[in-house]
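Q: Handing you this structure, nothing more for now.
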Amino acid sequence: FRIVRLPDGVDQNEWMASHVIALFEHVNALRGSVSEMCTVATCPTMSYSGVSKLSWVDEKGKKHAYSAAQYMDSALSQCEQKCDDAVLFPTKHGQPFPMQFPQSVASLTRLLWQCIGHLYERHWKHIESLNLVPQAALVFEHLARFSQEFSLLDAVEQKRIDAVVFVVRPPVLEGTVPTPEF
C-alpha cells in the first residue's frame, strides 16, 4: 500500500503526522455520520472487533465504564487535543518533534482503530444505509496499512484490523493486502 510508504527525502515524523491527522479527520467524520445511531441506549458499552467491553482510562489512570458514544467522544477529543498540540505536532519550520512522538502516534492510532472498529462491529448497517461503505473501507485500509508500515499496533490488534479490512475491502483494492489468517 504505497500511500503510507515514506518517500525518499521526507522526514518520518512529518509523514506520520500528516497521516494520523488525516485519519483522525476521516474517523471523526464517519463517527459523526452515525452519531444518532450510537447512543447510551443502543451501545451501553464500548466494544469493537475482538473486544467485547472496553473501559476508558483517564489521565490519572482511573477506569471508567463508558458507553460507546462516551468512549468515542473521549477518544476523539483526546486525538483532537493532541493533534492541535504545537509541542507534539510542531507547526513552525525547523521545530523538532518530541522524542515520544512515535509512541504518541501509536497511542492515537490505537484510539482511532478502537473507534472505527466499533463502527464496523455495531454500525456497519448504518454505514451501508448512508452509502458510506467505500469511504469507510478506504479509511479502514489506510489505518491498517499505516499501522502496519510503522508498527503502531501490537500483533493482536493488527491481526484484528486486517481481518476487518479483508471483509470490507472494496473490490478495487482486492489483492493489495495479503489475506489474514483466521
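Here the Cβ of each residue, glycine as well, is placed from N, Cα and C on the backbone.
I grabbed these lines from TrEMBL:
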type: BINDING; residues: CYS38, CYS43, HIS118, HIS123; note: Zn(2+) binding site
Q: List every residue in the same chain as CYS38 (Zn(2+) binding site), at least 6 positions away in sequence, whose Cβ is under 8 Å from its Cβ.
A: ARG31, ALA68, ALA69, MET72, HIS118, LEU119, ARG122, HIS123
Q: Could you check what DSSP calls HIS123 (Zn(2+) binding site) once collapsed to helix, strand or coil?
A: helix
Q: May I ask which residues of the same chain, at least 6 positions away in sequence, place their Cβ under 8 angstroms from the Cβ of CYS43 (Zn(2+) binding site)?
A: SER67, ALA68, ALA69, HIS118, ARG122
